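To start, the structure itself, in structure tokens.
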Amino acid sequence: MRAASLFLLFLPAGLLAQGQYDLDPLPPYPDHVQYTHYSEQIENPDYYDYPEMTPRPPEEQFQFQSQQQVQQEVIPAPTLEPGTVETEPTEPGPLDCREEQYPCTRLYSIHKPCKQCLNEVCFYSLRRVYVVNKEICVRTVCAQEELLRADLCRDKFSKCGVLASSGLCQSVAAACARSCGGC
């Protein structure tokens with residue numbers, strides 16, 4: 001077993017000594033062959049020069065700007081008729097959200113070292129241990145989701161709403177609190 005591990009340990013060094021692994025490989029192409037078709041462009045100084053712009057006199061520049069302004073189309077803003085009243089939308093938008101903190105419990109698993117001894121020979125092994133961590137979590141609550149949840153709750157647990165409006169909420173308070181958050 002020792003001989004096999006020593007053989008595997010020194011195998012890369014032996015292959016390197018034989019020249020199978022060359023540390024400085026030659027480039028795949030000779031340097032003089034690459035980029036020969038660019039030499040004319042690089043040596044020509046006018047290749048990269050852009051034509052110079054001559055500034056226009058202020059009169060021409062103003063005339064050009066006024067022509068541009070004339071060509072723009074004017075779209076009037078929509079106006080309401082005097083008799084119509086625009087109402088606010090009843091559905092909340094996607095931006096009606098807030099962050100809400102709530103207590104939460106998370107379960108983590110960690111590996112705890114555990115010392116074990118057999119006949120005066122001690123070693124450590126890792127034992128998986130679960131840790132219960134009580135934290136304050138944050139969630140984003142949007143008004144749209146709250147309305148949908150309230151609608152679902154009202155449809156699914158209609159007796160909670162009926163009993164709450166009739167004043168008999170205490171008789172089913174526990175069931176309604178579990179299902180919909182209370183009366």
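Here the Cβ of each residue, glycine as well, is placed from N, Cα and C on the backbone.
Swiss-Prot records pyrrolidone carboxylic acid for one of Gln18, Gln170, namely Gln18. Taking the Cβ of Cys153 (disulfide bond) as centre and 10 Å as the limit, one finds 16 other Cβ atoms among all the protein chains shown. This prediction places the mean pLDDT of the domain 'ShKT' (153-183) at 63. In the three-state DSSP scheme, Cys153 (disulfide bond) is classed as helix.
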